[in-house]
Amino acid sequence: MHMARLTLTGITKSYGPVQVLHGVDLTVAKGEVHGLLGENGAGKSTMLNILSGVIRADGGSIAVDGAPVTIASPQGARAAGIAMIHQELQQVPELTVAQNMYLGRPLRRLGGLIVDRGTQEARARAVLAQLDPGIDPAAPVGRLRVAQRQIVEIGKALLGNARIIAMDEPTSSLTPTEFERLVQVIAALTAQGVSVIYVSHKMDEVFRLCQRATVLRDGRRVGQVDIADVSPPQVIEMMVGRELAQASHRSFATGQVMMRVQGLTRGRHVQDAGFTLHRGEVLGVAGLVGSGRTELMRLIAGVDRAEAGTVEIAGRVVPQGVRARISAGLGLVPEERKREGIIRHRPVAVNMALPSMRLFSRLGITRAAHLNRTAETVMGDMQLRPLAVRRAIGTFSGGNQQKAIIGRWIAARAQILLFDEPTRGIDVGAKAEIYALIERLASEGHGIIVVSSELPEVIRLSDRVLVMREGRIAATLPGPEITEANIARHAIPATRP
Amino acid sequence: QDLTPLNSDAEPDRMDWSELEARFGPMPETPAGTKVGGVSKTLTNEYWRSLGEGYANVAKAEGLEFVYQAAQSEGDQLGQLSIAENLITQGFAVLLFSPQTDANLIPAVEKAEAAGVPILNVNDAVIPSAKNYVGNVQKGNGVNVAQWFIDNRPDGGKVAVIEGQPGVYAAGQRTAGFTETITAAGNFEVVASVPADWSRELAFNAAATILQQHPDLIGFYANNDGMALGVVEAVKAAGKAEQVAVFGTDGISDAYAAIRAGDLTGTVDSFPVLTGEVALEVALRLLAGQDLPRVVATPQALVTADNVETFATSDMAALRAALLAQ
Amino acid sequence: MTKSPFRHLRLRDAGTLLGLLLIGGVFAVLTPVFLTAPNLLNILQQSSINACIALGMTLVIISGGIDLSVGPVAALSAVVGAALMVGGAPIAVAVLAALGVGMLCGLMNGVLITLGGLQPFIVTLGGLSLYRALALIFTGGTPIFGLPDGFRALTNGTLLGVPNPVVVVAVLALLAWVVLNKTPLGEYLMAVGGNAEAARISGVPVTLTKLAAYMISGALAAVAALILLGRLGAAEPTMGNLWELDAIAAAAIGGASLMGGRGSIIGTLVGCIILGALRNGLTLMNVQAFYQLLATGIIIIVAMLIDRATAGKEGH
Amino acid sequence: MTKSPFRHLRLRDAGTLLGLLLIGGVFAVLTPVFLTAPNLLNILQQSSINACIALGMTLVIISGGIDLSVGPVAALSAVVGAALMVGGAPIAVAVLAALGVGMLCGLMNGVLITLGGLQPFIVTLGGLSLYRALALIFTGGTPIFGLPDGFRALTNGTLLGVPNPVVVVAVLALLAWVVLNKTPLGEYLMAVGGNAEAARISGVPVTLTKLAAYMISGALAAVAALILLGRLGAAEPTMGNLWELDAIAAAAIGGASLMGGRGSIIGTLVGCIILGALRNGLTLMNVQAFYQLLATGIIIIVAMLIDRATAGKEGH
Ligand SMILES: Nc1ncnc2c1ncn2[C@@H]1O[C@H](COP(=O)(O)OP(=O)(O)OP(=O)(O)O)[C@@H](O)[C@H]1O
Ligand SMILES: Nc1ncnc2c1ncn2[C@@H]1O[C@H](COP(=O)(O)OP(=O)(O)OP(=O)(O)O)[C@@H](O)[C@H]1O
Ligand SMILES: [Mg+2]
Ligand SMILES: [Mg+2]
């Protein structure tokens with residue numbers, strides 16, 4: 001290898017008394033895709049945020065192409081040729097796709113006074129065409145679906161001719177097809193000498209894309225590996241410090257109907273959806289982005305109002321509305337954790353207890369001790385790290401936030417759990433824990449629906465799979481028929497619009 | 001002990017300020033260094049600053065220690081109550097209150113009574129339980145202006161009223177005095193009577209709108225001078241300065257200037273500096289044990305171009321003489 | 001077991017308290033009367049009405065809203081209650097009616113905000129005119145005098161030397177503290193203000209929670225009105241002018257975030273006392289009205305800066 | 001190429017316009033003078049001051065803030081400008097000084113909000129007292145009279161029959177529209193108000209953007225002050241009382257979200273005209289004071305409900 005494109009040396013960072021990075025080194029070569037791996041909370045995002053000027057390191061140095069640089073702001077990072085795709089979507093919903101892509105550095109005309117929207121949109125369209133030609137650069141970004149918004153974020157990083165692009169879980173809501181397009185884009189970039197730092201919890205992606213990887217654990221560098229020389233289990237062992245057992249699908253499904261959904265409809269998004277869910281069953285829901293899976297979950301959970309159709313639980317039609325559905329034993333783990341899931345400033349325990357405050361209060365008074373004890377039990381079970389249930393949830397890593405939201409429904413003793421992309425942004429260790437948890441819940445007689453864009457996950461977990469296409473349930477695949485090919489065949493529309 | 005609730009405009013136990021000396025003799029001696037205090041509505045309005053000036057004149061002449069405080073803004077009722085209460089504990093011999101509303105200083109009055117500090121209600125809002133009141137007849141302001149129209153515009157015509165803040169005692173009384181008197185004359189019609197909340201800008205806007213609708217209007221009566229000056233500008237902007245007579249109330253210095261300039265037809269001056277002097281004199285007489293009537297009415301006069309120079313004097317002695325000669 | 005949520009509360013409130021101590025210290029040095037027991041009681045008594053309003057305001061602000069209509073709601077409750085008493089109704093009936101009027105106004109605000117989907121600022125701005133107009137129309141603009149002595153005795157009495165209004169507000173503050181920190185409703189208020197969408201998906205009764213906040217605010221406005229009614233012995237339709245600004249200032253000084261989700265009862269109380277002490281101290285020093293206004297503006301900003309500097313240590 | 005952002009804008013503004021047409025229609029039926037050309041010009045002229053303030057307020061609100069201090073800032077600018085003119089300074093100098101004062105006040109608000117990290121509501125609430133106090137102290141509380149005729153002619157003239165203030169505000173509105181919709185600053189304002197964190201991470205100069213918003217608001221307050229100065233011929237230190245509420249109401253009626261990120265110049269202008277038409281119509285009908293207050297409250301809420309009903313169709 002030639003001179004390193006990027007060298008970070010001895011990076012340290014503390015939040016108050018908590019040190020989250022302990023002198024981490026990272027070296028990325030020119031034209032390399034370099035993986036940055038670690039469990040939730042290992043410090044990956046913190047490293048990249050320091051690199052991209054969003055936060056300041058307490059110590060350490062950064063060099064680009066051998067020359068030391070000081071990165072004090074996002075503009076500084078950009079000037080040093082560094083672009084970043086953030087883990088959480090960082091967009092202004094009211095502005096257009098192109099405006100968001102050029103946010104903070106608009107193209108100008110008329111002596112710099114006026115934003116050159118025409119050119120911005122043309123260039124944005126050109127970049128997006130490689131990833132998803134269906135995105136209209138003039139549409140407000142708030143109108144796009146999560147996956148499209150993530151593609152917009154990727155497009156934004158590609159705009160500025162950066163020498164180094166840091167990608168923090170860029171594919172957390174992308175489908176395999178979109179991932180393939182991203183692979184091609186990255187290949188073209190590296191061919192031009194651009195270096196990519198790639199953060200992902202998906203091992204197959206890392207092994208597909210990266211040449212080398214740096215592994216972090218608890219804010220310390222555990223080591224650097226050449227991907228060609230290692231196997232996924234070895235890397236995982238480095239990340240978690242122990243070996244993870246691989247498990248295969250186990251079924252606990254019974255013949256007893258728990259929930260019957262009939263004719264559920266809302267506009268074009270979901271049309272005439274009907275199915276049954278059995279006690280102990282895990283029902284997967286697959287489909288392309290925008291096929292209406294999220295909307296179906298929201299209709300069942302009562303978050304959105306259905307125009308037609310019924311949800312029947314234990315033989316009784318449950319009226320619309322979240323509260324009615326929750327009382328009937330339903331619980332939704334939503335897709336957008338930050339926007340729909342957490343109350344940032346409140347402790348984990350309270351976030352967990354929200355739907356079940358009745359269980360945690362007596363005579364109108366909250367039983368704080370009981371609540372905290374339950375939270376510690378439930379969250380301890382789910383390996384919340386750190387196990388500090390009275391700390392504000394906003395200070396936890398994304399994976400740990402997700403655990404708290406799942407814990408919410410366990411504490412509420414929901415009988416039917418709807419998981420919408422339950423492992424998005426969650427590390428391998430936690431993922432295995434969540435799979436085990438889903439199986440445990442099924443074995444205890446819960447009914448479970450899992451929406452996921454990761455086919456291996458759907459296949460690994462499901463007893464049956466619904467495939468959605470353009471708002472309709474296109475197929476119901478029983479156990480033996482659950483294969484990637486079958487799912488893809490039903491998911492893709494005959495003629496794409 | 002049980003007093004009937006005070007109505008300053010109608011109280012039978014009253015006298016005019018001009019008779020003070022004749023009926024009760026010259027000012028009694030007050031021990032030098034006696035502490036007296038005034039709590040007034042606001043200092044953002046010249047009227048209340050002038051009242052304080054009147055207090056200060058007497059305080060200085062008599063060698064008293066004098067404190068004058070006001071709320072931070074007009075309408076700050078609780079703020080004024082706090083100020084009044086805070087002063088009571090400070091060892092004042094007498095306090096002069098000009099309350100924001102009829103009721104907002106009642107607790108302070110009661111506290112003062114308990115502490116043995118006599119209270120004098122000076123002008124504007126009327127504390128029903130006040131033992132003594134000094135001030136002008138609010139209704140009289142409006143009556144004076146209406147009388148001018150009846151005398152000077154014998155053919156009658158359309159007139160309009162620009163009111164102060166809805167619900168304020170002085171605004172209601174002034175409007176009622178004007179409207180009742182002029183309507184009784186028969187040939188006048190009050191075509192509009194709308195609030196402008198003591199604001200010059202809102203008065204301007206209201207007057208412009210009214211002139212639009214009633215191009216043949218012959219006069220405006222505004223509940224205070226600030227609003228009247230706004231009306232004047234609207235009348236000038238509409239090119240109707242000749243046709244429309246504009247009257248204010250209070251007699252602030254800007255109103256005098258506008259009368260001299262021929263912009264404002266007139267104002268009802270209630271001579272705040274003189275009122276202040278009379279008020280503190282009354283307070284000191286009460287301190288000395290004189291048994292004055294419950295209400296002492298202070299002077300008030302319609303000021304127009306005809307008599308503006310007579311009243312535009314800062315020499316209080318001359319002013320007293322002029323008023324007494326009326 | 002870590003105690004961080006508690007430490008969090010204490011640190012924020014400590015910042016506000018520090019502000020109070022600073023202001024108190026300055027006045028104590030400048031005017032000897034300031035620190036005497038009667039004057040301190042005086043400050044508490046004068047702050048009690050604002051505190052009563054500010055308690056409700058704090059809950060509303062925590063729920064992500066704002067209530068600009070508290071003053072006129074107080075006026076409307078006062079005139080209705082007073083009219084009943086003067087008309088011969090038993091005191092208890094009149095008090096309940098006043099509270100009912102306050103809660104009804106709060107309900108109306110809440111319904112427009114939740115079911116109507118309007119912004120709280122603009123709904124209660126409309127209410128500011130609407131309720132004031134109703135109070136004026138109800139009374140024809142004139143105050144209602146002649147309240148029964150039995151009623152006035154309630155607010156003018158003392159308990160162990162402490163004026164009853166202070167006692168009442170202290171009890172209400174304790175209740176508000178319990179509601180906010182120890183009941184499901186408190187959690188719901190913070191959840192709704194912190195992230196309404198997440199709260200809704202978690203099954204929090206968002207509409208009811210907001211309605212409760214505005215109704216509590218309305219009821220507390222009525223309580224403030226009753227306290228003042230007793231003290232004044234008269235109900236004025238113009239009562240409550242500018243109360244909303246004082247209450248919001250107190251809540252903000254006490255650490256409430258106008259974005260919702262955060263606020264503290266203790267902080268708000270301290271905020272009220274800061275404002276009361278300020279007014280008291282400036283009067284004692286015989287500061288002229290314009291300079292009092294100046295000092296008020298400066299102190300509000302400085303208090304916020306102190307609070308902010310303390311809060312900064314928490315890493316917010 | 002779809003035009004969705006435009007359609008979006010138009011639909012919102014259409015809702016506000018519908019509200020205006022409804023109110024206008026009612027008044028046109030009730031009083032014949034309402035729809036005459038001079039009266040309509042009159043409404044525009046009377047709305048121009050509020051419109052001027054509301055333009056700045058809209059930008060501040062879009063940036064996620066609020067400016068309660070506009071009235072006192074206007075007063076301070078007015079008295080400084082007037083004092084200079086009366087003292088013999090050239091008109092241009094006085095006008096620039098007034099604008100400078102407005103921008104300085106805005107800068108101070110902005111600095112406390114950005115660098116001080118304080119909440120806009122509370123900073124400008126402090127400013128509300130502070131700047132008012134300065135204006136009162138500067139003048140001793142007395143209005144300043146005797147402005148040169150040359151200056152007054154500027155605001156009292158007409159251009160092609162349209163009063164100059166209306167022309168000035170129309171030009172300013174056009175500028176504000178261009179700034180908001182066509183310039184980087186406009187994008188930054190939307191970004192900062194829509195998602196401050198995303199804006200910061202993307203390198204939007206968040207601090208400068210907010211400073212700009214508050215300084216523009218201050219400058220426009222000064223312009224409004226100058227217009228009023230010319231019309232009334234006097235600079236009052238009490239000028240601008242409650243202007244902030246009118247301006248916020250206009251912006252909100254026009255579709256601005258007090259949570260930031262959304263607002264429309266056209267909507268705000270229509271909102272101002274709604275409020276102006278309301279006041280004008282009620283005066284023409286000689287509605288009694290208390291009922292004017294009642295009508296104002298009801299109309300604000302009804303206008304918002306109409307707006308909301310129209311906006312609802314967009315699926316927001
Ligand atoms: N603002 C903050 N205040 C306190 N602690 C923080 C803050 N931000 C991050 N942390 C902590 O820093 C540690 C590292 O977080 P970081 O987001 O870098 O993890 P990560 O490796 O990106 O995890 P994930 O895979 O879940 O995204 C975590 O323990 C997290 O709780
Ligand atoms: N807020 C919204 N406004 C307009 N259309 C929406 C909105 N939310 C969803 N849709 C539309 O509803 C349809 C179904 O979207 P949904 O999010 O349910 O799909 P999904 O399969 O879950 O995809 P994703 O992986 O993006 O979550 C899509 O066509 C989408 O464009
Ligand atoms: Mg991360
Ligand atoms: Mg989805």
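Indices start at 1 and increase along the chain as displayed.
Keep in mind that glycine also has a Cβ here, set from the backbone N, Cα and C atoms.
Per TrEMBL, transmembrane segment is recorded for D:14-35, D:47-66, D:72-97, D:129-147, D:159-180, D:211-230, D:242-259, D:289-306.
Counting Cβ pairs under 8 Å to the transmembrane segment (D:72-97), the top-ranked stretch among D:47-66, D:129-147, D:211-230, D:242-259 is D:129-147. Taking residue pairs at least 6 apart in sequence, the transmembrane segment (D:289-306) and the transmembrane segment (D:14-35) share three or more C-beta contacts under 8 angstroms. Here the transmembrane segment (D:159-180) lies next to the transmembrane segment (D:211-230) in space: the count of CB pairs under 8 Å, restricted to residues six or more apart, reaches at least 3. Contact check: the transmembrane segment (D:242-259) against the transmembrane segment (D:129-147) gives fewer than three Cβ pairs closer than 8 Å, residues 6 or more apart, which falls short of the contact criterion. Taking Cβ pairs closer than 8 Å, the transmembrane segment (D:289-306) reaches residues 15-16, 18-19, 22-23, 249, 252-253, 271, 274, 278-279, 282 in its own chain, all 6 or more past its ends. Through the fold, the transmembrane segment (D:47-66) approaches residues 74, 113, 120-121, 124, 163, 165-166, 168-169, 172-173, 176, 179-180, 189-190, 192-194, 196, 209-210, 213-214, 216-221, 223-224, 227-228, 243-244, 246-248, 250-251, 254, 256-265, 268-269, 271-273, 275-277 of its own chain, all at least 6 residues removed from its boundaries and within a Cβ separation under 8 Å.
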